[in-house]
Amino acid sequence: MPFHLPRRHFLMTASAASAALLLPRGARAQETLQIEMLNRHPEDRTNMVFYPDIIVAQPGDTVRFVATDRGHNTVSVDGMLPEGVEEWRGRINEEIELTVETPGFYGYVCQPHVSMGMAGIIVVEGEGKMDNYEAAKSVQHRPRRLQEKFNALFAQIEADGLAST
């Protein structure tokens, strides 16, 4: 039995397929990615964490920091942003959104919990991603626990293959 597709459905399908071919290769809708500020990690039960503490974004994506638990903020780390990216400083309990346009590595901390190593990294993919990698990785942090956290984050980034072009 032959398959019959009404002319209107055929034209709609053909139009949609043609339009898809005209999109730039790799074009996609921007996403909103969420990072929670938590008193306790939901899986390993460590205290004072960003969850996830490493997030991968594409240029144009929005990263939303959500104050799931009270008493946290997010502050960019001096020397851990791609060139030309503006620093940010959220107030305590403030949920902020950051649209990431520049590929690279974005380091951030929770100011009240720096001593507990509450930190994270946003990895924005794209051409030039590695331009600030060594500079961000070489920033020295105090206290020791914060330095250990960033060392662990960069080790995870390398293990996950995110430290390459």
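Here the Cβ of each residue, glycine as well, is placed from N, Cα and C on the backbone.
The shown structure was predicted, so the numbers you read here are calculated from the model rather than taken from an experiment.
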Residue in HIS72, HIS141 which TrEMBL records at the Cu cation site where CYS110, HIS113, MET118 also bind: HIS72
Candidate with sparsest Cβ neighbourhood (10 Å radius) among HIS72, HIS113, the listed binding-site residues: HIS113
The one of CYS110, MET118 whose CB sees the fewest other CB atoms within 10 Å, among these binding-site residues: CYS110
